[in-house]
Ligand code: DON
């Protein structure tokens, strides 16, 4: 079955694919030669499950999306106390390659080139004469760190690295300016070499989504279970991504998208919803700030249509599946005939109860739906118990209702136990502003069903409804078999 979330993502991509504005980076031949229409999108959720769409396995160079990772490495090794005198955390409001420093002659933040070159320098030994072998071994550690974040072995694009090193006059100017201030403890050329190498690491949008999810998870890679960095580092990296990640467009980005993010001239954007999920998107045509045009638009849609803005105030806690069980321990209803009761006793395990808790937002609905999809062969009736749910986001409601319909199309029945009428409230509150108007959710995914059949105030009523469904189904099968 095509997943609902996959359907949403593809729909957003179809919408944004129409936008062919912007230009691919052309300062080196390798970037100028990429397919301008390339477009990939991946979303990695809290347990590592990754939705991949379009060119999600196409490799491109990470470029500036590397900056938060190298900064995370610096923080992990040196700690913030040692890093802060070298690199600030203030948004510069300037272009990524601006030759500027703050009053203390520090690069203003680690997301602009000056700060990123400084970060790379801090991984090298504090000597003026750095041997090539030392740069190579430090770079191997960078690759190890990025690979641990991505959950797979990453490699470097030699041709891009060679071109970057040949053409980087501006970066050389920045490194030498820092050196002239006496703030670089190592050789400017070694720092630049390391920076060019890190920018040339090849990734896919799947990799970026997993890296982003690792940051979202406080440094714990959700796919491998490995702790790559700690929670304090993640918090600081997210802070500078929020304030400085999108350069001179940072304010507009935070307001309209509300996801800490980092872009790169290769066409990638990596975005994080702290505590919940990571996004990787790639499309190489860039706007005047050097950010992917389609990538930015895709993030805007993801944020608005799926309610992912980090300041979405209904997102207090992630919904979790509290318990899953069948109704073997629930006595068969007394209203049925002896024969019917006998039949119902044979199929108690075909009715599953899913108890949910927390606030039902996109993240929670996604994990609940995926569990239902995975279990579908094991039940005929799914009873979703939401008495412990506080609030239901419009997108989550639409997802639950569309899943309910999908189950019905597959000969199953979904029921809700909603004693406090939370679903009904959500329908009433968002009758006019559900995700439908903005997202243009295809009709078959909308599933907006204001009549809410099979919604019950008690578990007993839901079990009785489930029994009636099983009996009717058995009768229909008997008629079909004898006909
Ligand atoms: O520093 C450079 O010129 C590049 N290798 C990386 C810059 C970059 O990706 C800026 N991001 N939008």
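Every residue, even glycine, has its Cβ placed from backbone N, Cα and C.
Keep in mind that TrEMBL annotations are predicted by a computer and have not been checked by a curator.
The substrate binding site annotation in TrEMBL covers 64, 113, 164, 171, 195, 247, 265. In the three-state DSSP scheme, residue 247 (substrate binding site) is classed as helix. Other Cβ atoms within 10 Å of the Cβ of residue 247 (substrate binding site), summed over all protein chains shown, number 24.
Residues or ranges marked as domain 'STAS' by TrEMBL: 351-466.
Around residue 195 (substrate binding site), the same-chain residues at least 6 positions away in sequence with a Cβ under 8 Å from its Cβ are 113, 116, 117, 120, 171. Mean model confidence for the domain 'STAS' (351-466) is a pLDDT of 80. In the three-state DSSP reading, residue 171 (substrate binding site) counts as helix. Each of the binding-site residues 64, 113 was ranked by the number of other C-beta atoms within 10 Å, and first place falls to 64.
Largest CA to CA distance in the substrate binding set (64, 113, 164, 171, 195, 247, 265): 21 Å, whole number.
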